């Protein structure tokens, strides 16, 4: 069994009329032979309201894999990424609240809204059963990459080929790296955009966000049958 991965960066472009909608995206995907699995990766799918219906219209048998992490850490990481490109943006604290005095969280800010996983999953479950969706822990991908990828291989019906022997921990990056990338004799680590140092955030703001996300996290744990340990 081999795997072909197709990566598309912009969900809007993927489904636009310019590529012919569903039939157009079928043409963009590589041909899949017997014994092969074709994968397409677009992070925007999970939080795009129209995506579940469109993907279901293409194939109801599609299996979906979503990497999730602590939504508070995810929001700070999101902000850090934006800050690296736009250093003059407002502070994380000011963007987090609609009203700092009352503590009202601004859920229209995408960095906050994306982490309300239960809300997004509700949308997907209208079109796909839970058995076709696998949620991968971003934290465990760092602490136990082989174990978490073992779950992915099982979910896809693949033999467990990727094991602990394929990884080493890079102290500089703070992430595990592949000892040898496919088709190369050199190790492969995440790019320079990953592992950036996060800015110091007011602890009271972090705690307020944890309080905000807690009920959504609890619902997400119930929906998935998995406690990700974010609280």
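Cβ coordinates come from backbone N, Cα and C, glycine included.
Feature annotations, reproduced from TrEMBL:
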type: DOMAIN; residues: 56-214; note: domain 'Sulfotransferase'
type: BINDING; residues: 69, 77, 194, 195, 196, 197, 198; note: 3'-phosphoadenylyl sulfate binding site
type: DISULFID; residues: 177-189; note: disulfide bond
So residue 194 (3'-phosphoadenylyl sulfate binding site), by the Cβ count within 10 Å over all chains shown, scores 12
Integer Å distance between the CA atoms belonging to residue 177 (disulfide bond) and residue 69 (3'-phosphoadenylyl sulfate binding site)
19
Quick note, residue 197 (3'-phosphoadenylyl sulfate binding site): same-chain residues at least 6 apart with CB under 8 Å of its CB -> 80
About how far apart, in whole Å, are the alpha carbons (Cα) of residue 77 (3'-phosphoadenylyl sulfate binding site) and residue 189 (disulfide bond)?
18
Reported as an integer number of Å, what is the Cα distance between residue 194 (3'-phosphoadenylyl sulfate binding site) and residue 177 (disulfide bond)?
12
Could you list the residues of the same chain, at least six apart in sequence, whose Cβ is under 8 A from the Cβ of residue 189 (disulfide bond)?
170, 173, 175, 177, 178
